[in-house]
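I have placed the structure first, in the form of structure tokens, so that the comments after it can refer back to it.
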Amino acid sequence: MKELVHLQFGNFANFVGAHFWNLEDEENGKICSRGSSAVGEWLSTGSTFRITETNKGEAFYQPRLVLFDLPGSMGSMGLDGSVGQVIQERLLSVDTWDGHVRTCRRARVEPSAYLQKVAEEDPEELGDVADPAQDSHAGVPDPLEEAAAELSRPGGVRYWTDFCKASLHPRTPHILHGAWSATEDWAGGFGEGAAAFNGEAVDQALDRVRFFVEECDQMQGFQVLAEDLSGWGSVASRLLAELRDCFGPAPIAVFSVRPPSGGGHPSESGRRAACGKLGPCLSLASLAEDVGLYVPLQAPEAPLASRYLRWDPGSAFQTSALCAAAVEAVTTPMHLGSGGSGALDLGGALRLLSSAPGGQPPSALAAVGCLSAAMPAPTVPRPGAASDARQRPALASVA
């Protein structure tokens, strides 16, 4: 089994990551509750999750992940990854200051109704798929499904922590101080986050990443979600350069997830607009020497791009779901066990994508990937189903 270490930089990257880990958690729940599924018998949960045991001897799964965000974007999550708990912080004493000290605290953010319903569910039932034949006689809506439906309504999601149901390790969230919200403070461009990520902050981040790396038996590499066109670009660039120095040739794949643009504001100055257009150039140039693959990813701004999907192009919750589905689908070969058809580790994928024509060696700079996804995807055939195209039944229309 080869493990992946995941990194997420920025608020929108964490929106995408929350959907991604929900998908991984759902599939993991099916495997654990039923022993196998149509795809589950080939998937290796240990490639993405760290697995420990509870006091009762039960397996406990947590993403092998370090995420970066600002205090104003964490919602109901505490600094230790807990949700809905009040964390008592000790006021640091400073011997050189004997003046008045004022403490400013934000009002507590309550967990969303969805997370509250998830917490109330029986853990053994979370991975099961409801059987319509069994539930049709009840006629009573599932409270969890109702709470999930509320998330898609306007104002239903305030933070990415409102819908992330994966259990996070205390070393997973790394909060950068010096700014409250990237939307307000780091919207100026690539270099806005550089001042907040240096010195001790870099060392602390490396310690968190090293914790997850040292747990791996055979690490594949790093899978990164980065909102790199904002101030998070400089944060990602600095840390990935440090990781290259620490872990040498470990493969790194970066998905540059782009939040809904919404178009430029009419009053936006020409200088600010020009600086915004330089963001992709600065990000790619700074990351090219340290990563093996760079994939820009953004949901289409026109909801009519698909016959079967409708979404709000201005909703971070809905557009991030499309990005997460694409990332989860394209990285599935890295999550397969050794016996899975099409299994491929991250290093093999990068060599395949970066190989030059004519047998030339791959470039030392990052390969820029193009990712296009068509959704919804056709259903996966069950094991043992006919593989000959002439024997497959025609796919029914998917709504």
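Count begins at 1; order follows the chain as displayed.
A Cβ is built for glycine as well, from the same backbone N, Cα and C atoms used for every other residue.
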Of the residue ranges 180-199, 220-239, 380-399, the one that TrEMBL records as region 'Disordered': 380-399
Which range of 121-140, 261-280 is region 'Disordered', per TrEMBL: 121-140
